[in-house]
């Protein structure tokens with residue numbers, strides 16, 4: 001039996017169970033932890049199989065490849081699903097302590113499962129229209145999660161988020177329709193095969209439409225405005241889930257589409273990506289510099305970090321793609337963790353605004369250490385995971401001779417450090433201000449439940465930093481797979497490669 | 001027929017973008033509705049139109065001997081209509097809720113309500 005469909009089925013099943021247990025709070029909470037843990041286990045199983053046996057394919061309903069929907073797990077897909085499971089589990093545990101009765105009554109847990117199912121589906125599908133459907137599953141769940149509690153502060157961000165993401169979906173849908181009109185198939189491997197022999201100007205136009213659609217999802221320059229407008233408003237567990245996973249689905253889709261479907265004119269498409277990457281890095285970090293609210297700073301940093309991943313894709317050398325993938329893995333863990341920690345700070349002091357925070361180093365030194373690990377990793381300090389991620393990308397940039405962009409990447413690393421030190425100094429180091437928001441003292445159990453997932457993710461960051469070898473080898477193999485799309489096509493369509 | 005539909009789609013897209021750029025939030029939602037309809041119509045047309053030729057295979061044959069309509073884009077459009085219906089109804093509820101809380105239909109007044 002193949003575990004390929006499990007990462008999609010488990011969250012959807014857990015979500016349905018959770019819906020049935022709508023009024024029974026302990027059951028919902030139990031299902032949340034068991035469901036996400038199950039997702040992680042299934043994903044790890046899948047990763048082991050994919051690493052051992054190569055690309056795994058499941059033809060849903062036993063329809064042969066170009067006619068039915070194929071689920072495909074190559075190394076990239078499997079790695080992404082594992083990370084999804086990891087973040088899902090961390091956020092599920094964390095939200096046991098933070099969500100509260102009000103939000104749970106609005107269906108927080110079923111929506112969380114649905115979101116995870118959509119994300120896993122997007123990572124595993126081998127059919128371009130099916131990818132659109134998973135994007136929508138994810139999007140609808142995220143709409144509802146973003147407006148959970150529907151407070152006044154959430155409306156502005158929600159309207160921007162909904163509008164721009166709908167615009168992105170429509171662009172994606174139009175591109176899929178035109179692509180179907182051009183090649184007459186929806187299976188990604190089959191499309192790749194047909195596009196390779198097709199010489200039409202329309203192909204580049206389609207490539208750009210996909211770039212815009214996924215660029216909005218990935219929050220790349222100049223399409224990122226929805227992200228800093230909305231990510232600081234929902235409950236903090238939701239913020240962490242979004243920050244870790246959602247934009248990275250867009251980045252994943254860019255990696256998939258520009259290595260499998262449109263690798264033919266890199267001089268044109270990847271040049272645009274390169275400029276986009278540089279400007280994404282710069283604008284994101286500049287935006288963060290002027291913010292004085294914990295989660296807003298972190299949101300802008302998501303944007304700037306997306307630039308590094310796109311840089312890896314845009315340079316399009318084996319080392320650069322490897323660096324981009326390494327960066328995705330590192331970034332998801334670190335960013336989700338930083339949001340979790342911002343939530344702990346908020347629970348202790350009742351505010352996200354830097355001028356109302358302070359003195360936490362004196363009262364909670366463990367929290368300060370917990371914050372420093374992902375914060376320094378984000379800035380790229382050795383020996384943490386971010387150092388290796390940045391090192392590989394920058395090295396690839398130098399080898400490819402893209403000195404301008406590499407200089408930007410280095411500068412942005414420095415400015416990221418500045419931002420993180422700003423948070424550190426304001427929240428932890430300076431004396432507590434006179435005027436503070438009131439917060440009830442959290443119970444010991446509650447605090448443990450919040451700190452445990454954060455500590456687990458920090459441990460992952462440390463381990464990746466200290467033992468970068470295994471992950472490097474895994475990501476290297478994955479980059480090789482991405483740059484040799486024939487193998488993907490062969491795995492999906494069979495060796496003879498139906499015409 | 002394709003030419004007429006192509007022009008219609010173009011007009012729909014233009015109208016949708018005009019509505020999206022208005023300041024009123026209700027008009028923004030109307031723009032989104034037009035936009036998704038334009039996209040649906042576009043998918044419907046891209047695979048080519050065949051009049052009165054349902055894609056049914058006669059008994060005893062492996063494939064129909066004459067040109068038939070491609071059923072796949074129609075299936076795609078059905079899926080897309082269902083999805084956009086769900087998403088747009090969410091958008092309408094969101095706008096209603098935003099009106100209740102912020103008491104404005106002007107996007108410019110929605111600035112800085114998130115503090």
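Yeah, the Cβs are placed from backbone N, Cα and C, and that goes for glycine too.
Caution: TrEMBL annotation is automatic and unverified by curators.
As recorded in TrEMBL, the features of this protein are as follows:
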TRANSMEM  A:6-24  transmembrane segment
TRANSMEM  A:31-48  transmembrane segment
TRANSMEM  A:68-94  transmembrane segment
TRANSMEM  A:106-125  transmembrane segment
DOMAIN    A:127-411  domain 'NADH:quinone oxidoreductase/Mrp antiporter transmembrane'
TRANSMEM  A:131-149  transmembrane segment
TRANSMEM  A:161-183  transmembrane segment
TRANSMEM  A:203-226  transmembrane segment
TRANSMEM  A:238-260  transmembrane segment
TRANSMEM  A:272-290  transmembrane segment
TRANSMEM  A:297-319  transmembrane segment
TRANSMEM  A:401-425  transmembrane segment
TRANSMEM  A:446-466  transmembrane segment
**Report entry** Contact yes or no, the transmembrane segment (A:106-125) and the transmembrane segment (A:238-260), 3+ Cβ pairs under 8 Å, gap 6+
**Finding:** yes
Query - Cβ contacts under 8 Å made by the transmembrane segment (A:446-466) with residues that lie 6+ beyond its boundaries - result: 86, 89-91, 93-94, 96-98, 329-330, 333-334, 336-337, 340-341, 343-344, 347, 366-367, 370, 373-374, 377, 382-388
Requested in this report: Would you mind listing the long-range same-chain contacts of the transmembrane segment (A:31-48), meaning Cβ under 8 Å and 6+ residues beyond its ends?
Outcome: 3-4, 6-7, 10-11, 13-15, 17-18, 21, 56, 73, 75, 78-79, 81-82, 84-86, 88-89, 91-93, 95-96, 109, 112-113, 116, 120
